[in-house]
Amino acid sequence: MHLEVAFKSFLKWIPPQSEMSVGYSGTSRCETGLLNPSWGSCSLGVFICVQCSGIHRNIPAIGMKVKSLSLSRWEDQEFMAENGNELMKQKYEAFVPVYYYKPTHKDCQVLREQWIRAKYERKEFTGEGKKQTYEEGTRDGMLMKRGRDNGQFLNRRFVLSEREGTMKYFTKYDAKEPKAVIKVDSINAAFQPEKIGNPNGLQITYLKDYNTRNIFLYHDNGKEIVDWFNSIRAIQLHYLKVAFPGANDAELMPKLTRNFLKEGYMEKTGPRHTEGFKKRWFTLDHRRLMYYKDPLDAFAKGEAFLGHQDHGYRASPGLPAGTHCNGAWQHGITIVTPERSFLFTCETEVEQQDWLKHFNDVISIQMSPQEYSMEAMFRHKH
């Protein structure tokens with residue numbers, strides 16, 4: 001009966017002709033969440049998107065039989081019907097740690113590739129293998145780190161410790177004193193391959209003396225850098241469970257590492273609104289809007305906190321009447337906060353509208369107790 005139901009479901013994908021036809025109407029999802037994937041793996045019995053199909057093909061153990069649903073000849077209908085995405089998920093994702101980051105189709109190549117390799121090639125989540133390195137509560141290894149002043153990437157030793165709740169890095173492997181000691185609960189880690197200029201580029205952001213500090217890393221081995229990323233998340237979850245003993249995993253997961261909501265260039269003027277507009281790189285990290293002279297700067301030149309709209313925060317298109325806009329860009333944005341107004345310009349109307357959408361989305365969300373504390377700290381600092 002299971003096979004019959006599964007096969008009828010599969011017929012939504014496979015037309016009666018031996019040759020696949022374009023324009024099928026499926027409602028399944030790829031393993032990275034993309035709706036109606038257009039490829040299939042006949043080795044595994046799963047449907048995948050075109051991006052994942054390329055990754056599958058590069059893995060010898062599973063990549064021999066990857067076919068397009070619309071362009072290939074199919075003789076594997078029964079095998080696909082017996083398996084399918086949901087059944088294979090139960091097998092290959094049976095023991096995924098709650099903190100392990102499951103990438104979506106929007107994530108970068110290294111995250112998607114290592115997720116697929118972890119599932120099907122290394123079988124990390126079937127319960128059959130040894131304890132994984134990201135589960136050990138400590139990590140010690142060499143990563144390439146960008147120099148704050150000279151911009152050169154140099155080999156540095158990093159040590160991550162759950163017991164100490166820190167991530168340290170040393171300028172030499174045998175150095176006795178670390179160059180920096182970073183509290184794990186202040187870290188955000190986000191993959192930034194384009195900005196860093198390396199497919200495995202990882203940005204670590206943390207608080208240092210109440211200022212946001214960025215360091216930029218990579219490792220030539222994709223598994224290694226993704227394991228570092230998930231090791232950070234594992235230790236963060238441990239500390240969050242101590243800090244919030246009554247919270248469940250679903251409540252804690254959003255507090256782990258997060259991608260920035262938006263990054264890009266805008267022009268801005270100073271607090272008196274009479275200074276010239278200067279081009280700056282902006283990063284929106286939930287309620288914190290930071291701006292830099294260069295995307296790879298270690299420290300922000302300044303930042304704005306975006307609170308809730310009921311407390312006097314507002315974002316609107318255009319600039320106040322009489323503003324002298326001497327910059328190259330003309331599509332204005334005004335952000336009003338209880339302390340001051342921030343004036344920006346964007347290169348295009350599309351960029352202006354996209355920034356405004358993100359600003360207003362954030363401003364419309366009620367603040368958590370932790371965010372009220374952050375707002376108070378921000379006001380004190382500024």
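The backbone N, Cα and C atoms fix where each Cβ goes, glycine too.
The model shown is predicted, which means the values in this text are computed figures rather than measured ones.
Among the features that TrEMBL reports, domain 'Arf-GAP' is placed at 8-133.
Residues or ranges marked as domain 'PH' in TrEMBL: 136-237 (among others).
Among the features that TrEMBL reports, domain 'PH' is placed at 259-364 (among others). For the domain 'PH' (259-364), the model's average pLDDT works out to 93.
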Report summary line: the domain 'PH' (259-364) resolves under DSSP into 18 helix, 41 strand, 47 coil
